[in-house]
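Take a look at the structure below.
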Amino acid sequence: MNIEDLKKRQEKIRNFSIIAHIDHGKSTLADRILEKTETVSSREMQAQLLDSMDLERERGITIKLNAIELNYTAKDGETYIFHLIDTPGHVDFTYEVSRSLAACEGAILVVDAAQGIEAQTLANVYLALDNDLEILPVINKIDLPAADPERVRAEVEDVIGLDASEAVLASAKAGIGIEEILEQIVEKVPAPTGEVDAPLQALIFDSVYDAYRGVILQVRIVNGMVKPGDKIQMMSNGKTFDVTEVGIFTPKAVGRDFLATGDVGYIAASIKTVADTRVGDTITLANNPAIEPLHGYKQMNPMVFAGLYPIESNKYNDLREALEKLQLNDASLQFEPETSQALGFGFRCGFLGLLHMDVIQERLEREFNIDLIMTAPSVVYHVNTTDGEMLEVSNPSEFPDPTRVDSIEEPYVKAQIMVPQEFVGAVMELAQRKRGDFVTMDYIDDNRVNVIYQIPLAEIVFDFFDKLKSSTRGYASFDYEISEYRRSQLVKMDILLNGDKVDALSFIVHKEFAYERGKLIVDKLKKIIPRQQFEVPIQAAIGQKIVARSDIKALRKNVLAKCYGGDVSRKRKLLEKQKAGKKRMKAIGSVEVPQEAFLSVLSMDDDDKK
């Protein structure tokens, strides 16, 4: 193809993604678009086709972004090339959304006709506006009995400020309005800008590891073109590779002769080392490099940290390899090696949120067959010491001695909770219980309220989302962003078994709740840890001060069983002998801590706590 033909082809390309709150029908709409454009034969079609991970299909959520090429013949008789990039809707996967939006010129905003705008819808719309995307509102599920499209249309205009007069009324399930959506994409989404004859600049927005072909990069070509045989260079580290194959996904990978400006596809270049490629990096040609890299993504900082340890210690290296492969496919995961006296060798991992942590743990166990112990999640605290230093601590066992601590600051988040009016009281009560500070409250319409609180992140990573859903019967939607660090009265609580600290059970707690929390954990551990031959005291301590204690009684043999009658001194002698043996055992004995003990620190219910 000559340059002119490529430029004409570029004018026919439309890159768009679908953004929505969880469960507003995003993946179903993607299915209908695939059917309508006959990208997938009816034999291969299955519900939520783009959610290819078993975990995604089971939980009914999208975790990974997916990029697919479709051909659509519009009413004007021209054939257009669509690149559909499906994105997740959950707050923990916002990073995936921001990556896919950077590869697009337009976004379809799906809003549920019954539920209206939710917190996550807003968050994703603002991401799309930051990327200067053309936004096409679609009001979905209009066939539901509770649907009220006109109210939702007014909401889109009032709350988001988009012109919704031409919003498509659709039902992805029933296949209504799909053609109208496709026509709007042709008319309203701009063709990609960029020069075919400029030096190559391609943005890596995802990558996956293939055992045979090495790392496969998913890219959006911004300028120039790339074909098999080219020598490409990574702009962040200067590493070069020979391209073996380029192509597109239809969801299956299909090889092509070239990828040109505006295309979204994959590049395979026999890249064997996972660390050589980074999502957000720019690829260029080694013999004709671009002058500067593309504006990448802002690096996401993990919010929640937890220790991951293999149950079988010989699986440590397998766990490292598994984490490296997952990191390639999930750029927001971070990890570093750490050791624990109680659990041996493992990794300290950083996640974007609790669902992200859950999904990573499940993927490690499923895809790589590694059984794991996970320690209680914690956040990054700023510890100011008495000698003027500021330490960033994410692991409770690394906290300095209490005598060295001057003050501790913890991260607060701005939590936006959208909730029906009748549940406002329940939400406010929950937020206060989680040490939240009320900021403001707005009415979206007659029935729905947007409540904003400042809440410590440590309270949110625990079980806030579950509690919010149960106290509002599932009607509340929730989105949060980190706002600031604030000084708080925090203390580190250690758990001692038989006088020895168990580092993996340490946690940070607010001074106010320290006693209840300590008592609760001590009582829980008493039920879980098996009885030993000697008495085991379980203590919760802040520094040197013990705040709660519970004892596991010793198992004992009845040494008096064979004494019938006889002198009392004979019995006493046997009892003293037994006591001395127990004492010796206690001095040298160690207590095995079962896996459930670590999990019990995690599953601290508020109902137990209060």
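Every residue gets a Cβ built from N, Cα and C, even glycine.
Sequence annotations record features per position, and here Swiss-Prot assigns GTP binding site to ASP23, HIS24, GLY25, LYS26, SER27, THR28, ASN140, LYS141, ILE142, ASP143. In three-state terms derived from DSSP, ASN140 (GTP binding site) belongs to an extended strand segment. Around ASN140 (GTP binding site), a 10 Å sphere centred on its CB holds 31 further CB atoms from the protein chains shown.
The feature domain 'tr-type G' is assigned by Swiss-Prot to 11-193.
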At a 10 Å cut-off from the C-beta of ILE142 (GTP binding site), count the other C-beta atoms across all protein chains.
19
